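Annotated features, as they stand in Swiss-Prot:
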DOMAIN    2-52  domain 'Kazal-like'
DISULFID  4-34  disulfide bond
DISULFID  12-31  disulfide bond
DISULFID  20-52  disulfide bond
CARBOHYD  41  N-linked glycosylation site
């Protein structure tokens with residue numbers, strides 16, 4: 001699982017460490033994913049690490 005308690009953040013780093021969300025969308029890194037989790041009110045979850 002991914003700890004998103006420190007999010008949302010106003011800006012994400014550009015590093016590419018893809019994670020796959022439960023929406024079958026590939027997020028570029030944990031920061032981008034966690035921001036989306038917060039926006040979804042916690043309905044978005046981690047599918048797996050790596051591309052979808």
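The backbone N, Cα and C atoms fix where each Cβ goes, glycine too.
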(request) Using DSSP, break the domain 'Kazal-like' (2-52) down into helix, strand and coil residues and give each count. (result) 10 helix, 9 strand, 32 coil
(request) Please tell me which one of the disulfide-bonded residues listed here (12, 20, 31, 52) sits closest to residue 4 (disulfide bond), measuring Cα to Cα? (result) 31
(request) Work out how many Å separate residue 20 (disulfide bond) and residue 34 (disulfide bond) at their Cα atoms, rounded off. (result) 11
(request) Other Cβ atoms within 10 Å is the metric here; tell me which of the disulfide-bonded residues 20, 31, 52 scores highest. (result) 31
(message) Please identify which of 4, 12, 34 has the densest Cβ environment, defined as other Cβ atoms within 10 Å, among these disulfide-bonded residues.
(response) 34
